[in-house]
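Trainee: Here it is, the structure in full.
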Amino acid sequence: MTIKENFELAKQAYSKWGIDVEDVLQKLKSVPISIHCWQGDDVAGFEVNPSELSGGIDVTGNYPGKATTPEQLRSDLEKALSLIPGKHRVNLHAIYAETNGEVVERDQLEPKHFENWVAWAKEQGLGLDYNPTLFSHPKASDGLTLSHPDEEIREFWINHCIGSRKIGEYFGKELGTPALTNIWIPDGYKDIPSDRLTPRQRLKDSLDKIFAVPVDESYNLDAVESKVFGIGSESYVVGSHEFYLGYALKNDKICLLDTGHYHPTETVSNKISSMLLYSDKVALHVSRPVRWDSDHVVILDDELKEIALEVVRNDALNRVIIGLDFFDASINRVAAWTIGTRNMVKALLYAMLVPNEKLKQLQEEGNFTERLALMEEFKTYPFGAIWDYYCEQMGVPVKEAWLEEVKAYEKEVLSKR
Ligand SMILES: C[C@H](O)[C@H](O)[C@@H](O)C(=O)CO
Ligand SMILES: [Mn+2]
């Protein structure tokens with residue numbers, strides 16, 4: 001049976017439930033995933049005087065061949081993008097600025113330091129997203145930034161974030177699609193705090209100063225990212241979920257949920273519908289925590305499918321901004337991007353091929369038997385045949401054929417670094 005013949009058979013199975021597969025594929029094509037550049041070089045960046053990775057995050061593994069220059073990183077991203085169906089976005093951090101060998105402090109970064117990235121994004125037909133980098137820096141060495149007791153340190157990071165929003169605006173203007181500029185800070189304490197409020201008051205004040213500077217929202221969207229703990233902030237994180245959810249709602253900003261930033265039994269999928277009731281947009285960093293926020297490559301697990309189902313069944317494909325966030329240095333990094341992003345797209349396809357309206361109706365009728373039965377049966381409906389056809393139609397390798405391309409790229413390019 002050919003890919004097409006399998007597809008036609010699968011299509012019939014779905015059409016019995018009123019699911020228009022061709023329409024689903026058209027919709028899927030229009031959903032961009034924001035792919036995080038930092039998986040390509042272990043969150044190192046290109047600063048002239050780089051600092052060690054800090055901020056309570058960590059990369060484990062030492063797989064050879066990581067990118068060490070902007071050209072190498074862009075080449076690796078291009079390779080991964082050639083294996084992923086659809087048109088996507090690339091998510092940058094401030095530390096990926098290109099300063100021609102000049103030392104430029106983070107609070108001095110400007111759009112011109114990202115001209116090469118914008119030229120590349122135009123050539124590749126990509127959107128760009130952005131993040132100020134408030135870690136891996138001497139001024140973040142004690143684990144505090146926007147909430148630091150020292151006003152000078154706070155001012156430095158406030159100016160860095162203000163400059164970052166201008167860079168996000170530049171991306172949006174140049175590329176015709178608004179950049180999501182997301183602020184995450186590592187601020188917190190290793191041990192039990194004697195005062196949880198004061199650092200949060202300082203963080204609120206710093207954010208107010210950052211967002212007081214006007215930036216054109218048609219070119220830049222502001223997000224704030226919470227976390228429950230980091231290495232060295234096990235007992236208290238200033239920017240908790242409650243802090244940022246409140247701040248975002250009160251200040252009309254986007255609250256970004258990272259799937260690795262909650263307690264092990266908490267799920268981001270369960271939060272999306274509530275947040276969509278009160279916010280126009282929600283942003284995600286889809287990751288895979290193992291024991292803690294260890295940023296493992298995203299796999300097609302139940303939570304990923306549930307997140308996709310929440311986005312699809314709430315008709316929120318254009319309201320939930322989907323970004324990825326994982327950094328695994330134990331495997332080929334191009335494969336990591338490819339596996340994680342293909343899985344995110346697969347999960348969205350899976351969710352679009354479920355009879356969501358029928359299932360809602362069953363729930364409304366209290367028919368929980370049929371609701372459960374159908375949910376379970378659709379787990380083994382032939383969505384893989386639809387996925388294979390989609391990959392073929394989008395000109396990317398079908399099934400595991402992409403792995404051969406990564407191996408060849410490793411042999412010809414990565415192994416020579
Ligand atoms: C590099 C990113 O800013 C970082 O991963 C952040 O998004 C995060 O999730 C920290 O745990
Ligand atoms: Mn994140």
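Every residue, even glycine, has its Cβ placed from backbone N, Cα and C.
Note that TrEMBL annotation is computational and uncurated.
These came from TrEMBL, pasted as-is:
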BINDING   His261, Asp293, Asp295  Mn(2+) binding site
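Structural setting of the listed features?
Mentor: A coil conformation is recorded for His261 (Mn(2+) binding site) in the three-state DSSP classification, outside any helix or strand.
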Trainee: Using the Cβ centroid of His261, Asp293, Asp295 as the reference point for the Mn(2+) site, which residues of the same chain not in that list have Cβ within 8 Å?
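Mentor: Filtered neighbour residues, in order: Ile57, Lys227, Asp258, Thr259, Gly260, His285, Ser287, Pro289, Trp292, Ser294, Asp325.
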Trainee: Translate the DSSP assignment of Asp293 (Mn(2+) binding site) into the three-state scheme.
Mentor: strand
Trainee: Test of understanding: give the count of other CB atoms lying within 10 angstroms of the CB of Asp295 (Mn(2+) binding site).
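Mentor: Looking across every protein chain shown, the total is 26.
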Trainee: List, in sequence order, the same-chain residues at least six positions removed whose CB sits under 8 Å from that of Asp293 (Mn(2+) binding site)?
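Mentor: Set apart from Asp293 (Mn(2+) binding site) by at least 6 residues yet with Cβ under 8 Å, we have Ile57, Lys227, Phe229, Gly230, Asp258, Gly260, His261, Ser287.
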